[in-house]
């Protein structure tokens, strides 16, 4: 065989090998790399279907088309709120989802939208209320301290717009990359003692990505044109002083009147039941927000005659806020009473009211002698330790799960 023939055969063989490898790569790319447009059918309604380029996660794909699914953690897979039903497509459920979705739900197709890859056509089922969710660019009206570690952020909604929320609902607030220096916070002198004691002024919050977090509303539907939040600054725990501070709470605390803020909503499921049962509200810390929203809505908008009481736990007297508002509601409504318990009253407080943890105070001074505590509805929001203690106490009293309503935000 001549050299020219051997060379030709070698070139041909090499070409075949290259073509085969290219074919393999293209095949693999078609399977592994997202490309082209895909269609997501929603709720079996052709008018709700969306078409968009493949790639990314389902949560982001929906948001890009103006469909905002609740995600308090901003798509990190930790809050478990963005649950949707995937009827077709999306691949197998991931281990990261199984802490929020049980086996029965997984079998029925429930997934976390933030974990579902958008690689091909899909069919999903979304709650109808999601289609009422919108985005607004709001303006900061005020951002004042109500307690040592709690600010009341008041936002103006764009003129002519309305956020159609229900009492107990929440919104999501967004922030672009930023740097916040705690030394720049505007904090009244009366709250400086703890800030100086723990040298909280030293902290800096640096965020390199777009973030989203959820906050319960302190306002109620009749307060038109505004959204009010109670935001607790998330400083590092004493045992981990070098841990980074909370990203969104730091951002919110840095806001000043006139600043622009993007929110989306409304969301929520912490709504009052439409019954005549007695309502018992239990709150602590920034868990005040949904308590205020609910109680104001019941008494000011609905003019409810249901028997209701509010039990709020604070450390000391200067941590009590909205006191005049609740005092006035109590004076005007014979069906409503409210109580505060201080867990760490200061000598200068000259406090003569309840002391101790709020779950103990509620039990010893009311529920222990209540003729039917299991028939009441309990609405609570506060620090995790408080929530757990209240729930245990209610369970011991025979209260069923359906009458224990918990807001996981605001504590």
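Glycine too: its Cβ is placed from the backbone N, Cα and C atoms.
Database features, via Swiss-Prot:
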- 5-25: transmembrane segment (TRANSMEM)
- 36-130: domain '2Fe-2S ferredoxin-type' (DOMAIN)
- 73, 79, 82, 114: [2Fe-2S] cluster binding site (BINDING)
- 133-273: domain 'FAD-binding FR-type' (DOMAIN)
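Neighbour density at the Cβ, taken as the number of other Cβ atoms within 10 Å, is lowest among the binding-site residues 73, 79, 82 for 73.
Take the CB of residue 114 ([2Fe-2S] cluster binding site) and look out to 10 A: across all protein chains shown you find 25 other CB atoms. Same-chain residues with CB within 8 A of the center of the 73, 79, 82, 114 CB atoms, the [2Fe-2S] cluster site residues themselves not counted, are 59, 70, 71, 72, 74, 75, 76, 77, 78, 80, 81, 112, 113.
Taking H, G and I as helix, E and B as strand and the rest as coil, DSSP gives the domain '2Fe-2S ferredoxin-type' (36-130) the counts 21 helix, 30 strand, 44 coil.
Across all of the domain 'FAD-binding FR-type' (133-273), the predicted model scores a mean pLDDT of 96.
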